[in-house]
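What follows is a short report on a single structure.
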Amino acid sequence: MSKRKAPQETLNGGITDMLVELANFEKNVSQAIHKYNAYRKAASVIAKYPHKIKSGAEAKKLPGVGTKIAEKIDEFLATGKLRKLEKIRQDDTSSSINFLTRVTGIGPSAARKFVDEGIKTLEDLRKNEDKLNHHQRIGLKYFEDFEKRIPREEMLQMQDIVLNEIKKVDSEYIATVCGSFRRGAESSGDMDVLLTHPNFTSESSKQPKLLHRVVEQLQKVHFITDTLSKGETKFMGVCQLPSEKDGKEYPHRRIDIRLIPKDQYYCGVLYFTGSDIFNKNMRAHALEKGFTINEYTIRPLGVTGVAGEPLPVDSEQDIFDYIQWRYREPKDRSE
């Protein structure tokens, strides 16, 4: 998944950008995931609010905006800035950790370790490449490319190549490009592909080389340029569209391909389409109706709360039907 979130270009873009920056600080520096989730949820709700917010009190009427966040919104609206953020930006350690986590392959713990060793910038990383693992070296190599959002038009071209090449390998493959792209976003951080085949189910005693065959085909046509990691069921790598006739080169992009058992495929498609908040709301509704949902299965809960056997699922619609929830098209799941 991409580390770069799209900058907010809504009526309340200043507020949502502030909240996203606070969220990233809590995740990368403080490692307070509950605060990260709270800021993310508030930013998501405010991004869809159709009016310009004039006060913290107005924002507080929205679900997910509590007293503390409302107070920060008041301060931001009154002064155009936030003391807490100013302090974070001025703190060399915090800002360096936050920056280094933007490099693919560098998480908060690795970033803190690098900063403790005096490695704080891209230049520092380049001078200390011997301390980087393979994933981090690729992240550093393509840092500028990975920072760029992928326009939808480019994502559509990438999707065409991936789906066409997969069908060349075997017409029985089923593949879906998920993430914010499937929800209709104008730009994406990376490409997230889910793959399945009738020959692979959760009952399969061994995993056939279904994923490797697809990756090899995409390498053969020079779409996949680098491999970050490759297992039996998940590939993480780098891809690039072919150059234009005028010689213009497209940026390198992150791509993940996951192979999922056929009987678990649509639970996976639902989960990886998102959004995070939509998934949480759907799981909560499922529990109220006596079901538990995750990225693999939907299962009924018995009277003791123990989950039963997975239910058969042949489409996303089936999952909505089981929990008696109105079907939502992917474009309507960005809450």
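Along the chain as shown, residues are numbered 1 onward.
Using N, Cα and C of the backbone, Cβ positions are placed for all residues, glycine too.
The model shown is predicted, which means the values in this text are computed figures rather than measured ones.
Per Swiss-Prot, the features are:
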- LYS41: ubiquitin cross-link (CROSSLNK)
- LYS60, LEU62, VAL65: K(+) 1 binding site (BINDING)
- LYS60, LEU62, VAL65: Na(+) 1 binding site (BINDING)
- LYS61: ubiquitin cross-link (CROSSLNK)
- LYS72: active site, nucleophile (ACT_SITE)
- LYS81: ubiquitin cross-link (CROSSLNK)
- ARG83: omega-N-methylarginine (MOD_RES)
- THR101, VAL103, ILE106: K(+) 2 binding site (BINDING)
- THR101, VAL103, ILE106: Na(+) 2 binding site (BINDING)
- ARG149, SER180, ARG183, GLY189, ASP190: 2'-deoxyribonucleoside 5'-triphosphate binding site (BINDING)
- ARG152: omega-N-methylarginine (MOD_RES)
- ASP190, ASP192, ASP256: Mg(2+) 2 binding site (BINDING)
- ASP190, ASP192: Mg(2+) 1 binding site (BINDING)
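Feature map: Swiss-Prot annotations on the structure.
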residue: LYS60; record: K(+) 1 binding site; Cβ within 10 Å: 16
residue: LYS72; record: active site, nucleophile; Cβ within 10 Å: 23
residue: LYS81; record: ubiquitin cross-link; Cβ within 10 Å: 13
residue: ARG83; record: omega-N-methylarginine; Cβ within 10 Å: 11
residue: THR101; record: K(+) 2 binding site; Cβ within 10 Å: 21
residue: VAL103; record: K(+) 2 binding site; Cβ within 10 Å: 26
residue: ILE106; record: K(+) 2 binding site; Cβ within 10 Å: 24
residue: ARG152; record: omega-N-methylarginine; Cβ within 10 Å: 15
residue: ASP192; record: Mg(2+) 2 binding site; Cβ within 10 Å: 23
residue: ASP256; record: Mg(2+) 2 binding site; Cβ within 10 Å: 20
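The binding-site residues LYS60, ILE106, GLY189, ASP190 include none with a CA atom within 10 A of the CA of ARG83 (omega-N-methylarginine). For the pair formed by ASP190 (2'-deoxyribonucleoside 5'-triphosphate binding site) and ASP256 (Mg(2+) 2 binding site), distance between Cα atoms is given as 8 Å, rounded to the nearest Å. Taking the Cβ of LYS41 (ubiquitin cross-link) as centre and 10 Å as the limit, one finds 21 other Cβ atoms among all the protein chains shown. All chains included, 22 other C-beta atoms sit within 10 angstroms of the C-beta of GLY189 (2'-deoxyribonucleoside 5'-triphosphate binding site). On the backbone, the CA of VAL103 (K(+) 2 binding site) and the CA of ASP256 (Mg(2+) 2 binding site) stand 16 Å apart.
Rounded to a whole value, the Cα-Cα separation of LYS41 (ubiquitin cross-link) and VAL65 (K(+) 1 binding site) is 8 Å. One way to see the shell of the Na(+) 1 site is to take the Cβ centroid of LYS60, LEU62, VAL65; the remaining same-chain residues with a Cβ within 8 Å of it are ALA42, VAL45, ILE46, GLY56, GLU58, ALA59, LYS61, PRO63, GLY64, GLY66, ILE69, ALA70. Here the candidates are the recorded positions LYS72, THR101, ARG152, ARG183, GLY189, and by Cα distance the one nearest LYS60 (K(+) 1 binding site) turns out to be LYS72. Separation of the C-alpha atoms of ASP256 (Mg(2+) 2 binding site) and ARG149 (2'-deoxyribonucleoside 5'-triphosphate binding site): 16 Å, rounded to the nearest whole number. The number of other Cβ atoms within 10 Å of the Cβ belonging to ARG183 (2'-deoxyribonucleoside 5'-triphosphate binding site), over all protein chains shown, comes to 18. Annotation for the binding-site residues LEU62, VAL65: lowest Cβ count within 10 Å of the residue's own Cβ, LEU62. When the alpha carbons of ARG152 (omega-N-methylarginine) and SER180 (2'-deoxyribonucleoside 5'-triphosphate binding site) are compared, the span between them is 10 angstrom. Local packing around the Cβ, expressed as the count of other Cβ atoms within 10 angstroms, is greatest for ARG149 among the recorded positions LYS61, ARG149.
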